[in-house]
Each structure stands twice: as C-alpha cells, then as structure tokens.
Amino acid sequence: TCRYLFGGCKTTADCCKHLACRSDGKYCAWDGTF
C-alpha cells in the first residue's frame with residue numbers, strides 16, 4: 001500500500017500518486033501534480 005500525505009517514506013515510490021518523498025523530512029508531500 002502507498003503512503004499518504006505526511007506518511008513516512010524512503011523514496012517517492014513509497015508514496016501515493018501525486019505525492020513525492022521529501023529527502024529532508026522523510027515524509028510524503030504533494031509533488032505539485034493533479
């Protein structure tokens with residue numbers, strides 16, 4: 001299952017669609033896409 005907004009992650013692949021893994025905070029954040 002994918003990680004939702006502010007969920008923990010190691011890479012962007014861990015996050016749900018339209019989310020990207022922040023390298024500084026290790027959490028999923030919106031990547032700016034719709």
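Just so you know, glycine gets a Cβ as well, placed from its N, Cα and C.
On a predicted model such as this, the values are computed, not experimentally measured, just so you know.
Copied over from Swiss-Prot:
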- CYS2-CYS16: disulfide bond (DISULFID)
- CYS9-CYS21: disulfide bond (DISULFID)
- CYS15-CYS28: disulfide bond (DISULFID)
- ARG3: site 'May be involved in interaction with voltage sensor' (SITE)
- LEU5: site 'May be involved in interaction with voltage sensor' (SITE)
- PHE6: site 'May be involved in interaction with voltage sensor' (SITE)
- ARG22: site 'May be involved in interaction with voltage sensor' (SITE)
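Projection of Swiss-Prot feature records onto the structure.
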{"residue": "CYS2", "record": "disulfide bond", "Cβ contacts under 8 Å, 6 or more apart": "ASP14, CYS15, CYS16, LYS17, LEU19"}
{"residue": "ARG3", "record": "site 'May be involved in interaction with voltage sensor'", "Cβ contacts under 8 Å, 6 or more apart": "CYS9, ASP14, CYS15, CYS16, LEU19, CYS28"}
{"residue": "LEU5", "record": "site 'May be involved in interaction with voltage sensor'", "Cβ contacts under 8 Å, 6 or more apart": "LEU19, CYS28, ALA29, TRP30"}
{"residue": "PHE6", "record": "site 'May be involved in interaction with voltage sensor'", "Cβ contacts under 8 Å, 6 or more apart": "TYR27, CYS28, ALA29"}
{"residue": "CYS21", "record": "disulfide bond", "Cβ contacts under 8 Å, 6 or more apart": "CYS9, LYS10, THR11, THR12, ALA13, ASP14, CYS15, TYR27, CYS28, ALA29"}
{"residue": "ARG22", "record": "site 'May be involved in interaction with voltage sensor'", "Cβ contacts under 8 Å, 6 or more apart": "CYS9, CYS28, ALA29"}
Checklist entry - What number of additional C-beta atoms lies within 10 angstroms of the C-beta atom of CYS16 (disulfide bond)? => result 12
Checklist entry - With every protein chain in view, how many other Cβ atoms are within 10 Å of the Cβ of CYS9 (disulfide bond)? => result 21
